[in-house]
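Novice: According to TrEMBL, the protein has these features:
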COMPBIAS  261-281  compositional bias 'Polar residues'
COMPBIAS  302-312  compositional bias 'Pro residues'
COMPBIAS  335-344  compositional bias 'Basic residues'
REGION    243-344  region 'Disordered'
REPEAT    9-42  repeat 'TPR'
REPEAT    111-144  repeat 'TPR'
Amino acid sequence: MGWFSPENTDLLTTLGLLYLQRGDYQKAFEHLGNALTYDPGNYKATLAVGSMMQAHGDFDVALSKYKAVASTVPESPPLWNNIGMCFFGKKKYVAAISCLKRANYLAPFDWKILYNLGLVHLTMQQYASAFHFLSAAINFQPKMGELYMLLAVALTNLEDIENAKRSYEQAAALDKCNPLVNLNYAVLLYNQGDKKGALCQYQEMERKVNAARESGSPLDFDPEMVEVAQKMGAALQVGESLVWTKPSKESKSKQRAAPSGKSSSSQQPLGSNQALGQAMSSAAGYGKTTQLPPGAGASPPLAKPPSLPLEPEPGSETSPEEPSAPTGAEEQRKEKRKSRQAAD
């Protein structure tokens, strides 16, 4: 009905968000773009357009969009969440944590912000802090396998192998599609000397990859994941696994490679899940309208559209602190000190 009132920005924004939910990015972009032409300060439309750019890796463009509305809505958790994940994409981790902590302060019960905080701390190898935020996210979202897998990575690095195994079991029980869960679990078991258990997880991973291929899902596996799977196959002497073909997007692996210099059990999951973090980064979906697709976070991570960036319910915000530039040197110093204390 948009043609009856072409300048109705609320209508254009709602249409854009509906197209975004359906995965029709071109139409979504068109309607949201029109809304912004008539009302450049439109917060919802800006957040949605920014999240689409962010999902495609255009972090600087997305940041400039977010900056345009930051002064109008300084207390918006989704906004600070998305700004944080743009910094994460740019590998500015201290700034990312600073913004995500602001989002968490404004929306303490939002599991996606906690998920992203866990992800950034994992990437920075601050495993105690990662464990803290991922556990908190699980309290609010106990049915998401992806969270248990990340928790298992943190536990492995904290050398709590028994609980890491339990966490992987839980992840595998909850997520029937993501081969990454089984691959990570196989690496842990192999490193613990359990070759039989590792082979069992490796075969389960192959089964999931084949199932995804047969169902016609687009297979865009992280190159790093493919490499680890091939090494694992060789180590388990199951030959060059036929299910793996190298993705064409080689350049992406460098951009997402984990900073960890440890064994593959700690290194591998980070690469793939950074991508997932970016795809989910427009996290902070608010209100009942946001719904994750079934098996959210299932493979391949980037195939899922970002969850909808919506305004918080009226009256749900706590009284904010004064907004300040998240990248200020002083804030970075404070963050570093806090992160160190948390990690210790």
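Even glycines carry a Cβ here, placed using N, Cα and C.
The shown structure was predicted, so the numbers you read here are calculated from the model rather than taken from an experiment.
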Novice: Counting each residue once, how many in the repeat 'TPR' (9-42) are helix, strand and coil under DSSP?
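Specialist: Summed by class, the stretch gives 28 helix, 0 strand, 6 coil.
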Novice: Report the DSSP secondary-structure composition of the repeat 'TPR' (111-144) as helix, strand and coil residue counts.
Specialist: 27 helix, 0 strand, 7 coil
Novice: Give, as a single whole number between 0 and 100, the mean pLDDT over the repeat 'TPR' (9-42).
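Specialist: Value for the repeat 'TPR' (9-42), mean pLDDT as a whole number: 92.
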